[in-house]
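Novice: The structure's right below; bear with me while I get my questions together.
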Amino acid sequence: MFSGLVENTGEVVTVDNVGDAVRMSIQGGRIMHDASLGDSIAVNGVCLTVAELDVESGVFGADVMQESLNRSVLGDLRPGSIVNLERALRADARLGGHIMQGHVDGTARLVSRTPSENWEVLRFELPAQLAKYVVEKGSIAISGVSLTVSAISETSRPSAAATAATSTVPSGPEFEAIPRTTPTPNADSGDWFEVSLIPTTLSETTLGTLAVGERVNLEVDIIGKYVEKLLAAGTPTGYSFPSDTH
């Protein structure tokens, strides 16, 4: 589990194709001083396992499977690319961001940057399949950074018809929370959301140098997906309230 508080950025050293997977090595910086083989590290929000490690140089190697390549933008990384890094959250650590699994749902595309005196507003377009999980003032992970959604498009808001349909508890194989096909942004979908970034986030993560048109990894809030799955299946929880004996 991760919290979305990036510990530091790293630099991709090598990228090698190994069959249908990719082996990449990354200069991890200060977080590598106590790293071990088998550790989980989020690279731009994607949970990877440390398969090779040179503690002295601070370089670790990790394998990226086809599923991760399909759903994320890790396949776009090249030697010299800068990435956000976060070690797996410890049980006794503070949860400064929100609960993240490191399992990317799809990608979003930056469509505008609006600077202000003390912050900057970034707008992203996203697939309609994921837009329903993005709520105003809710949490979202963008390339491993936990952020609060400051605004969403009107098309991303649930309609009265959709709300009514949800109350009927739909079920069946045609109803799935996240499709297996890779969600990609659709310029014609009209779905977008905005986040407001403070100077620290702009300077300490890759979002500060993100160019308009670039894609980012997106992980929506896992809680919403669990709720949808339960409602879709119409599965009883099995829990009953104890009778009031007072």
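Cβ from N, Cα, C; glycine included.
Remember, it's a predicted structure, so these values are computed and weren't measured experimentally.
The domain 'Lumazine-binding' annotation in TrEMBL covers 1-98, 99-231. Annotation source TrEMBL lists repeat 'Lumazine-binding' at 1-98, 99-231. The feature region 'Disordered' is assigned by TrEMBL to 161-190.
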Novice: Under DSSP, the repeat 'Lumazine-binding' (1-98) has how many residues in helix, strand and coil?
Specialist: 15 helix, 42 strand, 41 coil
Novice: As a test of reading the model: what is the averaged pLDDT for the domain 'Lumazine-binding' (99-231)?
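Specialist: When the pLDDT values over the domain 'Lumazine-binding' (99-231) are averaged, the result is 82.
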